[in-house]
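What follows is a set of notes on a single structure, which appears directly below.
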Amino acid sequence: MFIGLFRHIWLNFIIFALVVIFLCASSSHVYALKHYTKERKLELREQVRSMFQHAYEGYLKYASDYDELRPLTCDGVDTWGSYSLTMIDSLDTLATMGNFTEFRRIAKLLEKKMDFNRDINVSVFETNIRIVGGLLSAHLLSKKAGVELEAGWPCQGPLLRMAEDVAKRLLPAFDTSTGMPYGTVNLRHGVPKGETSITCTAGVGTLLVEFGTLSRLTGNSIYEEVALNALHSLWNRRSPIGLFGNHIDVQSGRWTALDSGIGAGVDSLFEYMVKAGILLQRPELLEMFHTARAAIDKYLRHEDWYVWANMNKGQVTLPVFQSLEAFWPGILSMIGDREAAIKTIANYASVWRKYGFLPEFYTITTGEAATNRESYPLRPELVESVMYLYRATKNEFLLELGESILHTIEHSAKTKCGYATIRNVVTHEKENRMESFFLSETTKYLFLLFDEANFLHNDAGHGDIIETAQQGECIINSGPYIFNTEAHPVDMSALYCCHDHKQDIFDGMDLQNYGDSVLTKKDFELHMKEKSETNSFCRTKSPLHYQRDRFKKVVHPQPPPSSKNPVQPSLAVDIEVFDDDNKPAGDILVESFERVKNELATGSTITSPAAVDLQNQPHNQLTVSDLQEFFSKKREHFKSPQDILDYTVGFLKNFTLDPTYISSLQLFEKNINELLGSVTQKEFEGTTKTLWELYELQQRYKMNMQLLTAFNLHSFGEFDRKMVERVILVLHGDQSDSSNNVIWNKLTSLYMEYTRALTNTTAMQNFLLKILINGSEEKPRNHKALLTNDEISKLPIETVDVPQQLKLFSYAKRIVEAEKRMSDTLEQLQKLMLDINNKQKSDNKTPKVVEPSLAPAASTDDQTPSKADDLTVPDSKVNRNYVATNTSATSTTSAIGTNLMTHSPTKENENGSVWTHLVDTFLGKTSSQKTKFDASELLQRTRKSLEKYDNIDIDYSLLTCARPKFIETFAYRYYYP
């Protein structure tokens, strides 16, 4: 009896344990606490509609002529280009929510209002995803919204023409040696003069959805081809372990920021591999994604969190979760990996429930929002993943999370005219900004989460048949709809209504041969064929292995070196040389090249400092643990003060910081900009630098600022003209005038202070401590100096000759020379106006006497004053950014001076008056136009580049070789993984 009872209890225990194990192993290991009826979901949907309407009406009322609404002050602000960004960005959201009347009104308004022929610099990335993407989506939704269509739609239409107009203005960005685009273009002139060639990884890889759609609708292949070429160019530059950095030089192809992650600066690269692969039917893009994901899972994934690591070594550099990474579970759900997606989104949901929002940075190791990264600008990435994953799993936990997102935004972000960015997720303090993506993405994804019957959820179950001139009978509005990274939906079915791009994979196939029984038989026959045939392509490789191999670089075997002609080792040198004005110094480069060539020819050893520096170039990315190890050192660990100096300087020279971190660590002091010009900030934060280079630059800036302030040369309009001339003479090395000894003494004193700073280990410790505090969760602390002031003063310092000393003050030299040029120009203008006044008096006229002005400098080239009354003398100081530019005074004559008063543009001078040109020269303004852009030449180069990638035009019959079921199901989520 007891044995039977024991067996019964034991059996129940085993059953219970198995149930628990099954539940724990289930992919859907998170569950909702409540059930959502159809009525409840519709209630939440209407709450989202009210949220959108409140923000949208606030924008129309207070900021319709601006890019964005400022929700605390209820006014507008231009952010990305001054083209009513929010209006374009939210247009397809109106259609999503069924407000077709307003959609038609805004579409008509945009047709009349929009003109993109503007002399403004815009972000290629933002303009593409928001403007081009928004216009394309609105164009494809026009029929659904009841817009009166012109003949030929969807292959033509006003919104499509506007989208192409903008895309054409972005094309000059792709005119680079690598095919990867610049980050900024001028909508009228192309790439601005002096534009940095460094851009973020996502900026290169987030173009194919929009540009591919544009090519398929217009028949102009250039858009899809340049975007595809840019992606392949980026792909071929990933690291040996398969990771991408987050910033790259599009001219040299060199990575400038080596941290790899799935968040800011990289995120949408992976998103577009999947979405463009599906939308444009390019399986090679999905193959790219799965290859990239393997490296991500190996080096970046830790307990279903994703961290940042060095792209070359894979070591963790930043253990944080960024809110932009929250798109990742949605992408995983699109490829069918729901288990990994639900685990990761559960982590993100825990952060949301802790704060009510997602901070921009969340430190995984401490479980807290990162310092100075606590904001939440109403981002959509989490709710995007929630929507995708709910569609895939129907897990009501996701509805519960969506409801929480809706209610916290409504409770903490709402203002009287919109919804505000959350400045701090801990305190829920608001900030005066409402980004356009709140209306374009956040509200749209929330609406689609609760509106399960929305037409955008159509998966080709039904559609509309139309007639087109290009393709005859065509089906549209059948989906599936692919959302770009700004949540603008593109109807995939519509892309096949206009122009053939590649063959249909079903063409020429007898689909009856792809039933389950036939496929099973063919699988068996294929298996037997692999055993018996040795030369079969299908035996050796699957199609995707074949594609993958075609990505690999072919290395041809090299013949052995001949004893008669021994192969000389090559010296790969990557040198950037600049003169005192931070410009490439061609003569120095040629001289160095000739010297290296001669030394190689004679077999002598290269021992120049530049060569030594190149050979010992550091490659270690700084981490918190490195800094902690540095500060763990004590005085007794070293034998002498010189050992301490050598160790400290060696540490600074051994570690680097990427541009993004240099900026975020706030190492650059703002007053430097005011005194030395904005070029210094670009120099300081523009490229990857060693800690030593950053420290040394700080000391240089400090000495130059002290020189300017010592002689009151730091404020234009208040300096002594004679003192400026004396300082310029000294900085050019003139020692003939003994009255300038006070200036020489100051220069000598400052140089001695500079050289002592290069041995001041205490100052170096303070510099490193600032990096540690600003870059981690470390609280401010005091550290014990490794050396006393007396010990530092006894350390040897380098002595150099006078010309070398003067090079230290190149920044101050540039400033005072610019001030002298400006002073000379003003003096000439005053004399010129006096001559004009005297001439007018001699002609028996009585004009109003005026003095010259700097005011026209604020006007554009086509705004030309025509009367003397328009000229006034300003009392305000000239912006230091202009003063710092390298300008040259322009000589004028009285005849030209007369034209300053009455000149109107002529054929010889269509770009503005002589006055405008004079002021532009004197302020150093230059046209942003580089060279005439030739789209046909770009297309030729792009196609030549694409020839390297043999698998661009895929033979789809290959897919039936090893994976015939792919043809039958035709769904990537089944094919992968």
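Note that Cβ sites are derived from N, Cα and C of the backbone, with glycine treated the same way.
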Per TrEMBL, the region 'Disordered' among 838-874, 912-948 spans residues 838-874
Between GLU360 (active site, proton donor) and ASP267 (active site), what is the CA-CA distance rounded to a whole number of Å?
14
If we check Cα distances from GLU126 (active site, proton donor), which of the recorded positions ASP267, GLU381, THR485 wins as closest?
THR485
Among the active-site residues listed here, GLU126, ASP267, GLU360, GLU381, whose Cβ has the fewest other Cβ atoms inside 10 Å?
GLU126
Tally every other Cβ atom lying within 10 Å of the Cβ atom of THR485 (Ca(2+) binding site).
26
THR485 (Ca(2+) binding site) and GLU381 (active site), distance between Cα atoms, whole Å:
9
State the Cα to Cα distance, in Å, between THR485 (Ca(2+) binding site) and ASP267 (active site), rounded to an integer.
10
